Every structure is written in structure tokens, then in C-alpha cells.
């Protein structure tokens, strides 16, 4: 009899849970419609892969690209809608979150054609690669709209797990395995530190998990200036610093960049930065509203360290991917300026604008590296010597992207940095902006050093890799060149049309 009653209670509880989940999905599902499109694409990929004996590779790429493009279209149609909180407070939909989701989707869309030729030439498993990319993109999108501590922790873990699997995708490569192990161990440690900070925030606010409710809870408990909040701030800053590759939590970045497949590095170099920037902006601006002076100081120190260490160590690198790893550490230091400035002096708008330009500059550079690596099998900077004599298009494309990363006018990187530094100067961050300007000059040095190698015509400096270089061993008009052309055009002319980009970015403010 007791067993019968317990069984009935279990059925009733299960029914209530199912009905509540169905109700949430029915009435709140439209708020995560872009994410639902990606989930549908993932399911479709899995079904085709598991049921079809003869796998049509082009179909996999078509499904992945189409789901990403459709998600972008839905986001654009949803632009300027009223901010909404859905799924019992787990997600918040507004223009600010959606612009970061757009940047993540754009990065993933450009990375897929960049990886097609590489995967085919290296005979990697295609379906799993696309599944991991889409799942990581999904995790990044959920992170951008997350509104409570649990979702904010789970979403980046979804992204991180896929990142670990992607970085170790070439299982027979010893460097890749070593990089993945370092990435996994340090990623696990940083996640533990982050969730420990969340626990202090949760306790200090009286058991609240929603971001805005945490602020109200801190006011009610009078704990907003307590030591517990300072401890939470330190732990959360360390955890986010790892996600952003901020010094001194940057040691994993060069090894992962060097050991991972180049398309994976291209994907991680932009999507992880965008998602972590969205996380940092929301966490610091809302729950730590009363500790703004403290987190401003912390981020200033980390930004200065990142800009100095990243750019100075990049000078000494001989591997192109390691050089870009240290360069990205310096680049994220510039982005931190926008986070510190906030929405009062256009800081968020300048950060979003620069992130958009950074995506095109960085992916354009990696597209050139993928193309060169497939034709020569090398990543050494010295082996690029004389590339202009064999492939002027590739050499010029790489040169333009590197110059844009350095911030030389009239390229997009110059206008992006100009707007970012100007907003920082207006906010009174004179020392931070001065360091940024100085390190930008330093970065131009090592970018120009590579460009000088590209353009050299002296036979004694040209390595056998370039001397035996074939113009088109891959298919003509391949997908890598498509990504390369799009990114190079965006890196060169998008800075000229900055006004509409800035206006759109300013509309995303809270």
C-alpha cells in the first residue's frame, strides 16, 4: 500500500515537472529561438551521421552554415525589441546581449568555411568537429543571455568542454595532447575558482542567484561593502581572467594555440574572447555595482600586465601561432579599457566596435596561416620569407590583416583603437591609454618584421618551403580564400564606415 502511494506521488511529481517544462518551452521558447535553431541543426547532424552509410560531407557543412546564418537572421529580426526575462529568470533578452550573440554567430559562420579544406586535407573526423563547434557556439550564446549564477556557470562550461575536445582533436599529435592537458587542468582550476567566487556572492546576498536580485539582496543584508564581496570579486576576477587570457592567467594560451589545429585556434581566438567579454561586462556591472572602484583597479592592473607582457613576448616568438597567441593577450588588454569605461563615456560601444573589427582582422590572419600551412606544412615565421614572389594575393592579404591588427591607418584596426582609446581618455584613464598607445607601437614592430619577410625577394633568404611553394595545390576558389577575402575586405574598408557601426553599438547599452 505504501509502495503504491509513493508510486502515485512519483508519477504526479513527474507530471508536474513535465507540464512546467512544457509550459516554459511553449511560452518562453521564442526568447531562445536562435539557440533552438542551433539545437535543431545539431540534432539533424547527429541523425544524418548515425543513419547514413555514405556521408555527404557537403551536406554537413551546409546544415551547419545554414543553422548559423538562420540564427543570425532571427537575431536581426528581433533587434530593438523590448528587454525580456524568460525561463523563470534564467535568461534575459536585450540588445546588449544580442549584439554579443551576433558576434559569436558571425565568428562561427566565418570559421566553418575556413576549416573545410583543412579537415579534408588532414582527414580529420568532420561530423564531430562541426558538432563541437556548434555546441560551443550554443554555450557562448547561452552565456551572453544568462541572468543567474547557475546558468552563468553551466554555459561557459559547455563552451569549455567543447574547446578542450577541439584543441585535442588531432589525437596522434603529441603537442596537441600536451596543450589539451594543460588547457583542461587550468580550465578546471579556473572554473573551481569562479564558482567559489559565486558561492561568496550567493551567501552575501542572502541566497539570491539572479543578477539584479543579488544587488537587491546585498542592499537588504547591508553586505555590499563587506569583506565577503571583496573575496568574491577577487575569485571571480581570477576565473574570468583565465577565460579572457588576461595576464597572469595566460600561460595556457601559447601552448594551446601552437598545439591545436589551426582552424580550432581561429575559432577559439575570437569566440572565447567575445563570450568572456560579455560575461565580464554583466558580472562586473550588475552584482559588483557597489564595488566599481575596486574592480576598476583590478582590471586596470590586469589590462596593463596583459598589454605589456603580450606585446613584448610576442617580439621573441618564432612560431606564427605563438606570436598571435601573445598578440591576442595584448589585444584583450585594449578591450578591457572599454569594460572599465562602461556606458557613461561610450566604453561599451567602443568595445563592441573593436571586437567586431578584431574578428575580421584575426580570422583573416588565421585564414592566411591555414592556407600557407596546408601548402608548406610549416608554422615558422622565417619560412614565410619571400612569399610575395610566389603568391602575391596571400602575402598581401596577410600583410593587410597584420597591419590592421597593429592599428595602422586607414585600416579598420586603427579606427577601432582610436575610438577605444579616445573613450578611455575621456573617462580619465590617462595612464592606461598611454600604455595602450605605447604597446600598439611595439606591436607594429613585430607585425612589420613579418611583412618585411613576406616581401623579401633575395634568394638567400627564401626558404625551401617557399621555393617549392605551389600556387594552387588545393581546389581553386576554395573556401579558405572565401573567408580570407571577406575578412580582408572587412579589415580594410569597415573602418571608413564606422559611424553606422558606432550608432548600432550605442543602441546596445543597458
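Heads up, the Cβ atoms here are built off N, Cα and C, so glycines get one too.
Given the structure is predicted, the values throughout are model-derived calculations rather than measurements.
According to Swiss-Prot, the protein carries these features:
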| type | residues | note |
| --- | --- | --- |
| TRANSMEM | 24-44 | transmembrane segment |
| TRANSMEM | 57-77 | transmembrane segment |
| TRANSMEM | 99-119 | transmembrane segment |
| TRANSMEM | 124-144 | transmembrane segment |
| TRANSMEM | 149-169 | transmembrane segment |
| TRANSMEM | 183-203 | transmembrane segment |
| TRANSMEM | 227-247 | transmembrane segment |
| TRANSMEM | 295-315 | transmembrane segment |
| TRANSMEM | 323-343 | transmembrane segment |
| TRANSMEM | 395-415 | transmembrane segment |
| TRANSMEM | 418-438 | transmembrane segment |
| TRANSMEM | 482-502 | transmembrane segment |
Recorded stretches the transmembrane segment (57-77) and the transmembrane segment (124-144) touching, at least 3 CB pairs under 8 Å:
yes
Do the transmembrane segment (149-169) and the transmembrane segment (99-119) share at least 3 Cβ pairs closer than 8 Å, excluding pairs fewer than 6 residues apart in sequence?
no
In terms of Cβ proximity under 8 Å, which residues at least six beyond the ends of the transmembrane segment (183-203) contact it?
149, 152-153, 156-157, 160, 163-164, 167, 209, 214, 228-229, 231-240, 242-243, 249, 251-252, 255-256, 287
What residues in the same chain, six or more past the boundaries of the transmembrane segment (227-247), come closer than 8 Å to it by Cβ-Cβ distance?
156, 186-187, 190-191, 193-198, 200-201, 203-204, 218, 253, 272-273, 275-277, 279-280, 283, 288, 290-291, 294-295, 298-299, 302-303, 305-306, 309-310, 328-329, 332-333, 336
